[in-house]
């Protein structure tokens, strides 16, 4: 009898009876108003810091498409002579604090186009050039039934303008050393991308493959001077392969970290010598950007402004709430 | 077809049967729906006027051997309630499942993904769909298997059939119409039988129809009079009407043929018909001929198919789904259009860096457009997540366990708790607007007790002297008097009347009991107990017994009673003028030993008073009225002496009328009417039908919660009315609007005309003259100056629903809307369902709830949105057919106000939240199309797309929807008014939906454009390196996961450890998963898109800052809303304060400002 009762009777646990101890927070003005006040002040603080930092970042942009209002490199814009070399000159009146980063920027360039974006073969880029490239690489999959390495639209359209920077000192051009290391993600360089391995040289490893259609030289000749920066591990290639989020983007090209320029570009006149290979005038523009970076990255005023605005919003709101609550409090007392 | 009455030959009316029985041939391919529709048609009178009858050959004997005998085809005795067979299960089930709009949608998406080159793989939508479909199919298959099993149990039950002199055992399903079936005591009748033979000497048998109409008392049924004792020799045909669902109606004739004689005609009535489902009692064996079998039995016709009930929330979901589908379609359309507009600009269609393949170039433009459109659909299809359905189902399934587990629903008497038969309707419990309750056994305990009586205006109360407070009772007096006593003679006359005027039977003595001596007779009888068709008759007989007059039993039409002096008095029972609801009284004519012929009559005051002398009424009326308002059932008792001539005349006319074949009832009524006049009023009785525990409190709570309570009962009006008074549904100031046979007849016009007149009058009083009700939720807040109660009976209802009057039904419903309570008495089971359906289908389709305990409530339980069964003592039919079953009526309060309210709030939040989180999930993806050349580039990685709804954001909302108590249960139960806050689907209407949608859009915009602004310069790291598109998406995704989870955290009022675990756990899991997913080169992936993206992200201060900023900014409006809304919602807090003083103090100290 008793056991039967026990069997039928629901368990008396806090869980089954919906009586679990519970914290019942009240979002009351008591917490919210001081909370908002604190958040507001903190945000304004951060915002000001961000804003000042961003203001201190020096940026120098040079559009060199060669068409429209910017005349630099207009001689090359029609892409008749190849290679076409043009110069962009600029002068600095103050020290451009180092380390200086050199970016190239493209606009209205859809690296995030779906068909484009999938047009790569990560297995191949991991060093397996013997297997047939994935279908996604089409129409840059095969040439004459030989696989293209690296295959696909992304690789095929790799940015191939080259830049060299000279400082003009007393009429002579002094080469500013540009550092091509450390421009790509560490994991891309060390893990995600691999050169095909083979007995002998890198060229042997790429045996049986074709270079991408638009490339002037095969992958194993991207940087013959440095075997660690060649083939699939060429850092310019890696940077290019990390497809941009938006159609107007910039990518890191070089860093100026060494020699006389480790502390930055001193005031003076500079010439940027550009080998103009990359055609963009049909759809967009290209530019070169000098910038230094801080703890928050490149220049971006959005964050600082946004923080200040939101912080002020919080402050205003806390005041509004205070007023509202004061009013209702009195109403309650009267009632 | 006309019948030649009394003729030598009966035309067998098989043709009309076949014509009308098309829907009934149910052996294979059963269509219960048709059955019910047909049943309803009949009830509504649509099917009337058809010359329907069937002829049954008893024992399949042919009328004349010379005549070729072709047995008409009737359906077999199989009951089928299952839905599928082994063969049609798969196609039928799949068809049913894909009829669901959501499933069909996912199927289409899946097919599109298979066929068209789309941004995501078919697996992402195929796998979840397959899972959902399989689980549902298994569940439904199992349920149907159970139904098959139950059917088989009934259909294979062995029965004894007399076949050509031999009795053979047969399976129940093989019984054919015309078979003579034997049934033993306590067995259930396998089909509808006409009683031919009983083992009892007097040709009666006792039957209980508890499983049919809920009446547990024993009913007497009679054999067809004057037929052969040897059934083998019986050569008879039986003619009866076609099957119809009214349990209390049966008309037929039996033609008994004997050698060389004209066929003898016997008329058959409901007293000769034994219904399938009823049980034989107190009779060792009967034989009967099967007249209706299988799905044509009255039980099957009263059985309503258990249709799939859908909650209003599900309808809302479907509604929102359509909205989101529209959003989806328009998004896809916009993107497709813009894509082609954009591509027309020079240089955009096929820039040199993004050459098309030859195949793409060859594709037809319009086909490309179409596939683009489909691709966009696929890309945005996550806006309607398959996981919502899984989560909703899980929430319902798991959530309903809380009802089963609730100890408050446990009843120690029956040792059972609540039972949940369907989990689909949990939230509906929080939406009830109309409660339809059965009376007997639900509101009342169906346990009558004699309270007091009044003889000649003097009040008598039987009581234990110790407990009698007023001290008026006199010890040892057989009838304790208050104030003064009526004359002893009158007292005895009154008590004799109580002892004689009834149809109570004394239970058969058990086998162990020997003959009892006379002194102990009364006690022995009391021990054995009484059987009666109405429990208050028993109460009266028992009441008389307490005062010294005992009824000892009826033997050979002699009623024996024992008087105060322990002497046995015998009376010849000459006639019983049965109770009927129109007369509302019953009489007996007895002959005393002294040779006096007496008529005793008892009945409702209104039906007795006009028939007695005015001055007698004066003395008693006040007592009766006082008793009635106290909620007792009152009956008045009168008598009349009949002279020998008067009796002889009455006797003759009664006999004649009983044999009449036409208008028998009418004739009888006329004679009764004549007989029951000029009587002398002796006194009145008061009997209490005890209310269920806390019935009054429960009803009050339900009414406070804004529910309209309707009492639907098969009982007579007076008793039902007194119950309504007792449980405060009607109050003293309530003005009753009555629409019954009585009021219709009062006008002396045609019934219809009178009905319309009354309706218009009531409408004017209750609706037009009533103070204008405040609209919406609060419409019932204002307690009207004048409360109205409405009373209608079954006969009037069917009149009202018949075509000429049906336009008045809206009037009727409007009146009912404005009444505090509605009482419908004398309802057949199917009529109860009709009422429910009527209310259910009115404007605004209010949510209805039916609660009942007996089988007669099954149809209304099935019809209502929510059916509640009370686990009473009247069988399990109601419980089995209900959606929820609780042991007692009082549990309804917690079930609705507590559980129902919470479930509704939970599921509403669940649904709104799901749509919201998917809107802000997909909106950035949509916006991204504007920045990727409308190329269907997904913003998020495939893993994130898949896991968002399944893993990252599903558990917190599931936990919320299981454990949330925005207001704790005790407060909800104490303050019924809170129930109105969620009334009429308050949280799932367009207002809240738009609020959530706006929130989703705001946040989606914020996520995307916030990050977009940040990415104007993608160099976000201090080493100058840049981020790509996957970093972009991952930042958006991270912000989103945190925001939607924290949004839920903001809404959570009740943080149990489980909530803490899943909310913080999901966030932690998201972070962990992102590290893990990006930390390994996955060999099965074509592209290692997310490799170290997340880790790299976290190394950027800017990314951190933007994530924090966007989360805060997205939640800011919500926080503001919560805080600013607070002062206005403070009445809830006041309620809280009231309910607990301690909480009050804590509250003040916590919130200070308020």
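Cβ atoms are placed via backbone N, Cα and C, with glycine included.
The domain 'P-type ATPase N-terminal' annotation in TrEMBL covers B:72-125. Helix, strand and coil content of the domain 'P-type ATPase N-terminal' (B:72-125), in residues and according to DSSP, is 28 helix, 0 strand, 26 coil.
As annotated by TrEMBL, domain 'P-type ATPase A' applies to B:157-299. Across the domain 'P-type ATPase A' (B:157-299), DSSP classifies residues as 18 helix, 67 strand, 58 coil.
Residues or ranges marked as transmembrane segment in TrEMBL: B:319-342 (among others).
For B:373-392 (among others), the entry in TrEMBL reads transmembrane segment. Same-chain neighbours of the transmembrane segment (B:373-392): 102, 105-106, 109, 112-113, 116-120, 125, 128-129, 131-132, 317, 321, 324-325, 327-329, 331-333, 335-336, 907, 910-911, 914-915, 918-919, 921-922, 925-926, 929, 936, 938, 945, 948-950, 954, 957-958, 961, counting only residues six or more beyond its ends whose CB sits under 8 Å from a CB of the stretch.
In the three-state DSSP scheme, residue B:438 (active site, 4-aspartylphosphate intermediate) falls into the strand class. Annotated active site, 4-aspartylphosphate intermediate per TrEMBL: B:438, in sequence order.
Reduced to three states, the DSSP call for residue B:857 (Mg(2+) binding site) is helix. What TrEMBL records for B:438, B:440, B:853, B:857 is Mg(2+) binding site.
Here TrEMBL flags B:438, B:439, B:440, B:537, B:579, B:602, B:633, B:713, B:714, B:715, B:826, B:832, B:856, B:857 as ATP binding site.
Positions annotated as domain 'P-type ATPase C-terminal' by TrEMBL: B:879-1125.
Panel annotation: around the transmembrane segment (B:993-1015), residues 320, 323, 912-913, 915-924, 927-928, 931, 1027, 1032, 1035-1036, 1039-1040, 1043-1044, 1047, 1102-1103, 1106, 1109-1110, 1113-1114, 1117-1118 of the same chain, lying at least six beyond its termini, place a Cβ under 8 Å from a Cβ of the stretch. Residues or ranges marked as transmembrane segment by TrEMBL: B:993-1015 (among others).
The transmembrane segment annotation in TrEMBL covers B:1027-1049 (among others). For the transmembrane segment (B:1027-1049), same-chain residues at least 6 beyond its ends with a Cβ under 8 Å from one of its own Cβ atoms are 913, 916-917, 920-921, 924, 928, 937-941, 944, 948, 952-953, 956-957, 960, 999, 1003, 1007-1008, 1010-1011, 1014-1015, 1018, 1020-1021, 1063, 1066-1067, 1070, 1074, 1089-1090, 1093-1094, 1096-1097, 1100, 1103, 1106-1107, 1110-1111, 1114-1115, 1118.
The transmembrane segment annotation in TrEMBL covers B:1061-1082 (among others).
In the predicted model, the domain 'P-type ATPase A' (B:157-299) has a mean pLDDT of 80. Counting only residues at least six positions away in the same chain, the Cβ atoms of B:503, B:534, B:585, B:586, B:603 sit under 8 Å from the Cβ of residue B:579 (ATP binding site). A simple Cβ count within 10 Å picks out one of the binding-site residues B:633, B:826 as the most packed, and that one is B:633. The two recorded residues, residue B:440 (Mg(2+) binding site) and residue B:856 (ATP binding site), show a Cα separation of 11 Å. When the recorded positions B:438, B:633, B:714, B:826 are compared by Cα distance to residue B:857 (Mg(2+) binding site), the shortest distance belongs to B:438. Using residue B:853 (Mg(2+) binding site) as the reference Cα, a 10 A cut-off selects none from the binding-site residues B:633, B:714, B:826. Taking the Cβ of residue B:438 (active site, 4-aspartylphosphate intermediate) as centre and 10 Å as the limit, one finds 30 other Cβ atoms among all the protein chains shown. Each residue contributes its Cα atom, and for residue B:633 (ATP binding site) and residue B:438 (active site, 4-aspartylphosphate intermediate) those atoms are 17 Å apart.
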